[in-house]
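Notes for the one structure printed next.
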Amino acid sequence: MADGQLKVLTTLDHARTQWYHFMAIVIAGMGFFTDAYDLFCISLVSKLLGRIYYTDLAGDNPGSLPPNVSAAVNGVALCGTLAGQLFFGWLGDKLGRKSVYGFTLVLMVVCSVASGLSFGRTAKGVVATLCFFRFWLGFGIGGDYPLSATIMSEYANKRTRGAFIAAVFAMQGFGILFGAIVALVVSAGFRNAYPAPSYADGRAASLVPEADYVWRIILMFGTVPAALTYYWRMKMPETARYTALIARNAKQAAADMSKVLDTEIQEDADRAEAVAAGGAGNEWGLFSRQFVRRHGVHLVATTSTWFLLDIAFYSQNLFQKDIFSKVGWIPPARTMNAVEEVFRIARAQALIALCGTIPGYWFTVAFIDVAGRFAIQLMGFAMMTVFMLGLAAPYHHWTTPGNHTGFVVMYGFTFFFANFGPNATTFIVPAEIYPARLRSTCHGISAAAGKAGAIVGAFGFLYAAQDPHKPEAGYKPGIGIRNALFVLAGTNFLGMLMTLLVPESKGMSLEEVSKENVADDEEATA
């Protein structure tokens, strides 16, 4: 394919930024908005679940989820996400991006509602059905990662492609914030409608029966934004790169893009045949010798950096409520009633999202096509390492009265540089550097490696952060939060080293980056 490029792809690469680009960002981005809401809202209600289903009124403190239950509730959706990323990533290359794009959204809507309707006669029954539905919710969420990234990368022009993909991913920040806002509104409403004493002042009375509705409403509310965008997902045409390069129908690709870009594109039939013929010998498969030679190092880079990043990112996100409790930013559980605790946790998460998480995403949108992917990812990992060390080394200082605000500010900066850094770039790069016929699959593999890291973070941090001298009930002694933060700092440092393998794709077409236009014999003589 070295002898030319299809006109429709050249037109896409040089198209001016226009209304349809922004529509694509919103349509794909609302999926990520819902993904983040559904994945992280569980951290807002897990303490409430412990109070409702595991409280022993003879105890001095309200109930909490047992270790194995807490790990399952927090981590099962991540297991589903990993499976969904692999399956839908592969399916997106086999059947087309659009063909399976709507199904992931339907699965998310159905399972989100079902999660809120979890049932059972015992605590174990409720938790079991909740975990079942959250696994399949995660499965649908997993499909959104490779499909949304691939669709946006294949629609975008090469000048602002990074910003467009980053903007889709940035909707994750608004999803996290929206989850906190929903929890604030719901808990405030129930708190005012059904006042209750703290656990210390009235153990049984601190948990009103209506509190069972709180967590269910919060879990189900994520269906709203997903359902609103389903129609528009179904209206999107298949990407031109899939239609032209994989389905080998350049004429249809030109017709589809002519409609959405308001530009008349006439694809030359002879050119299309020549390009197709040129690519016929370039159809090596995943993990073939040619793939390993061209993209083996790239796959190591995108999987390892995403894996290392998500260990830290999901540890921080899913268990920030526990960290804030231990440093004293959230009062002890026994001094609050059940609904008040949800309100306090949601308020803390909203502040972190507003001050650290969301700004970081949009700094990436602003600078990704200026500084480049490599520089932002390297800088992000480096700064996360620095701030993690800044939290861990003087940890005892941060836990003393009067220093909690400083801890929260430092903690917020780790989120800022995660999102103005590797949390965004690990999503962007795999959507750019692999050939069209393997793009969705390789993005799915990279994302699944990330979710493997998230599972390590979700299950590992819960146990590792336990106080070595005074672990919580049901837990074995761990290494403590201070040492756990040191481990996360080391994880970020390893991510910085692995970033050295990541190629730069700024300002290049997808075909130039992936060398899809270069045959094996041409590459060998280059």
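Any Cβ shown, glycine's included, is placed from N, Cα and C.
Here the structure is a predicted model, which means the values were calculated and not measured.
What Swiss-Prot records for this protein:
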type	residues	note
TOPO_DOM	1-21	topological domain 'Cytoplasmic'
TRANSMEM	22-42	transmembrane segment
TOPO_DOM	43-70	topological domain 'Extracellular'
TRANSMEM	71-91	transmembrane segment
TOPO_DOM	92-99	topological domain 'Cytoplasmic'
TRANSMEM	100-120	transmembrane segment
TOPO_DOM	121-124	topological domain 'Extracellular'
TRANSMEM	125-145	transmembrane segment
TOPO_DOM	146-163	topological domain 'Cytoplasmic'
TRANSMEM	164-184	transmembrane segment
TOPO_DOM	185-211	topological domain 'Extracellular'
TRANSMEM	212-232	transmembrane segment
TOPO_DOM	233-294	topological domain 'Cytoplasmic'
TRANSMEM	295-315	transmembrane segment
TOPO_DOM	316-349	topological domain 'Extracellular'
TRANSMEM	350-370	transmembrane segment
TRANSMEM	374-394	transmembrane segment
TOPO_DOM	395-407	topological domain 'Extracellular'
TRANSMEM	408-428	transmembrane segment
TOPO_DOM	429-444	topological domain 'Cytoplasmic'
TRANSMEM	445-465	transmembrane segment
TOPO_DOM	466-483	topological domain 'Extracellular'
TRANSMEM	484-504	transmembrane segment
TOPO_DOM	505-526	topological domain 'Cytoplasmic'
Review point. In the same chain, who gets a Cβ under 8 Å from the topological domain 'Extracellular' (121-124) while lying at least 6 residues past its ends?
Key: 53-54
Check your understanding: Over the topological domain 'Extracellular' (316-349), what does the predicted model average in pLDDT?
Key -> 84
Check your understanding: Under 8 Å, at least 3 Cβ pairs, sequence separation 6 or more: does that hold for the transmembrane segment (408-428) versus the transmembrane segment (212-232)?
Key -> no
Study note, to complete from the structure: Same-chain residues at least 6 beyond the ends of the topological domain 'Cytoplasmic' (146-163) with a Cβ under 8 Å from one of its Cβ atoms are 12-17, 20-21, 24-25, 28-29, 31-32, 85, 88-89, 92, 97-98, 100-101, 104, 169, 236, 239-242, 365-366, 368-369, 373, 427-428, 430-432, 436, 439-441, 443-444, 447, 505-510
Practice item. Report, as numbers and ranges, every residue of the chain located at least six residues beyond the topological domain 'Extracellular' (316-349) whose Cβ falls under 8 Å of a Cβ in that stretch; write 'none' if there are none. Key: 40, 42-48, 51-52, 60-62, 64, 74, 176, 179-181, 183-184, 186-188, 190-191, 194, 196-200, 206-208, 211, 214-215, 398-399, 401, 404, 407-408, 411, 414-415, 418, 457-458, 461-462, 465, 481, 488
Review point. Okay, the transmembrane segment (164-184) and the transmembrane segment (22-42): do they have at least three CB pairs under 8 Å, pairs separated by 6 or more?
Key: yes
Check your understanding: At an 8 Å Cβ cut-off, counting only pairs 6 or more apart in sequence, do the transmembrane segment (350-370) and the transmembrane segment (164-184) clear the bar of 3 or more pairs?
Key -> yes
Point to revise | Contact call for the transmembrane segment (484-504) against the transmembrane segment (212-232), three or more Cβ pairs under 8 Å | key: no
Check your understanding: How about the transmembrane segment (295-315) and the transmembrane segment (212-232): at least 3 CB pairs under 8 Å, pairs 6 or more apart in sequence, or not?
Key -> no
Check your understanding: When DSSP states are grouped into helix, strand and coil, how many residues of the topological domain 'Cytoplasmic' (1-21) land in each?
Key -> 11 helix, 0 strand, 10 coil
Exercise for review: Compare 164-184, 212-232, 445-465 by their Cβ pairs under 8 Å to the transmembrane segment (100-120) and return the stretch that comes out on top.
Suggested key: 212-232
